[in-house]
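J.: Before I ask anything, here is the structure I am working with.
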Amino acid sequence: MAAPILKDVVAYVEVWSSNGTENYSKTFTTQLVDMGAKVSKTFNKQVTHVIFKDGYQSTWDKAQKRGVKLVSVLWVEKCRTAGAHIDESLFPAANMNEHLSSLIKKKRKCMQPKDFNFKTPENDKRFQKKFEKMAKELQRQKTNLDDDVPILLFESNGSLIYTPTIEINSRHHSAMEKRLQEMKEKRENLSPTSSQMIQQSHDNPSNSLCEAPLNISRDTLCSDEYFAGGLHSSFDDLCGNSGCGNQERKLEGSINDIKSDVCISSLVLKANNIHSSPSFTHLDKSSPQKFLSNLSKEEINLQRNIAGKVVTPDQKQAAGMSQETFEEKYRLSPTLSSTKGHLLIHSRPRSSSVKRKRVSHGSHSPPKEKCKRKRSTRRSIMPRLQLCRSEDRLQHVAGPALEALSCGESSYDDYFSPDNLKERYSENLPPESQLPSSPAQLSCRSLSKKERTSIFEMSDFSCVGKKTRTVDITNFTAKTISSPRKTGNGEGRATSSCVTSAPEEALRCCRQAGKEDACPEGNGFSYTIEDPALPKGHDDDLTPLEGSLEEMKEAVGLKSTQNKGTTSKISNSSEGEAQSEHEPCFIVDCNMETSTEEKENLPGGYSGSVKNRPTRHDVLDDSCDGFKDLIKPHEELKKSGRGKKPTRTLVMTSMPSEKQNVVIQVVDKLKGFSIAPDVCETTTHVLSGKPLRTLNVLLGIARGCWVLSYDWVLWSLELGHWISEEPFELSHHFPAAPLCRSECHLSAGPYRGTLFADQPAMFVSPASSPPVAKLCELVHLCGGRVSQVPRQASIVIGPYSGKKKATVKYLSEKWVLDSITQHKVCAPENYLLSQ
């Protein structure tokens, strides 16, 4: 750690890139801490210095208002290199956006990932305060409980218990107490497993349908606060007269207006069976609020259809409207309303499973009906919905059911109660086993022509169809490109399967191309396309080609690269024939017309196999014309040079990791360079953190590179672009650097120095340091000749243990290094190795 030269400094760091997407504050914060400064995370009154670059305007204004010293990042670097507290006035900060309008200034969004620290009460003060507040609130609730609030506690094993402090007057609470006590006695879980449900159904099959563990009195359900204006009217007034059809149509149209689902929830669907229908006496006074709350809770269970897919809001809305239409047709029939006792048996099979199946297949209703029916308000809809539904439930109750209902009904009946076991079991059955239930609904009475038309308009026949179909190859290829927006059953399906870049689809196209080659006349050939990768029940689902244009482009790019890679491996005609049969033919033809270089590079067997197909070429003329537009952007991208990596490389040497991180971030920001670990042919700049003679510095000098200090990067970061290198060149420490750079700039071809051009052949000892390869490279770059054997050399570099000759000079490695550094051949007498 450096000396605490900035021990009296309290700094606030705000260093951003010029476009506001990169935050470099962390690196300079580390440097300040190493120098003994205290870094504040917030701009408080203790801050004495603000390290500022392209920061927020508010920070700049606050610093100027308080008189805090505003310095640039160069001040931090100068203090670190000098090892002393430098005067701040020498490195003032600049605010480039000070005079810009607030409309022009961009919002900042740092693209760097943040360090995620899990918040706990120990490391987060706000979380600790919230935790303490919750603990105090819980303690207050335990000590100061209201008289009418029951206590729900959990035992150590997790079971729910009920511990009332005083007697509760409300019947609602007493009913809940009975229910919880009953659950505790029976050891009944809130959410029993499937094995528990099956065990309950086997233990008590006779009482599973009419079990009513709790009896709620009429007074509890009929409190005055739950009544709305029109709820006292009887069911006959609402749904039994001739005006019921108009009301139902208003109700159905209002569903779209208020965007609420009328899917029958499992709680409401239970009423369609015998066990949970309310009595005739109390139905017109049942609570609408409770009904609606139960409906909203249980709608969640119906948002997934039986196949496990999530139903979108549009599908739910349309499904609810189609379901409402079915119920309206059956309920509004004069025969049905007048002879309830006779027709109840036929409408019994309309169970929850059938209704849910219908929800999953619902489709959108005609838009004309939507416009006509947007009239009712939210207040008038839901009570009517409840009452009409309740009247529909009444029609499903037979004579024996009324006797069973006289024992009472539980208002806390939940989905996991044993009463609903039969219904839940029917939901879990596969869709095929539930399909035979739906024709029972249509057998209630004959439908009129208008009703049949509306049912067919709302039905989805996409699942009815053949699993294989015949497509003509002419239509298949021509409509692939010429009519991309047409999504017919045959052509659209074939197009989507050929354009997709998935491997299975590509193999399918290969098989199609192979079949076409086998026939003598390709234009009139008709064959069957099979879709093995598609799931059953979705054979005729069509994919619009508008959404797959990107996939078409990717397919073109992918196949063109595959052609380049695969054609180079083909050596004879038979292999070329096999290759052409295993890829989509229209891609091959397009590539042949796109690049003349690829035509020349193709082997004879491959090009012959393409040319010998006149039928295919005729068929696919339109395909190539369509794909030319897709290939043009790729060619333009190549011509413009975008997307390529930078050809210049930058090498760092004698630089600590924190400086390297800054350089990497600046290079990523300003572009134009890629970073290399060692000097190579593409290296143009060598950055040296300290003026030390390293191998990378010597190689950079020998190759004519810029040898620069670290300040060049900082000033480039300050100004937002790469600046001139000359003021930052380390020519004082390495005099040869500017000379070699000038020679490299003036040379016409590849640069090679002339320093050792007049010297005899040299042999580099294997025991030399630096390594042999690097020394040989240095000698070669400076124009010298390196011999592989010592007997052919007049100069031996490095320690040599063999037999020595009097005519050979045995020199130290430093002779080469010093000569390159000073750009002159040093006197060999000063570097002779001892005999």
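Backbone N, Cα and C define each Cβ position, glycine as well.
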J.: Looking at phosphoserine as annotated by Swiss-Prot, pick the matching residue from SER18, SER195, SER279, SER787.
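T.: Record says SER279.
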J.: If I look at Swiss-Prot, which residue among SER277, SER333, SER483 would I find recorded as phosphoserine?
T.: SER333
J.: Could you let me know which of THR193, THR325, THR335 shows up in Swiss-Prot as phosphothreonine?
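T.: Per Swiss-Prot, the residue annotated as phosphothreonine is THR335.
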J.: Would you mind giving the whole-number mean pLDDT across the domain 'BRCT 2' (640-730)?
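T.: Averaging the confidence scores along the domain 'BRCT 2' (640-730) gives 89.
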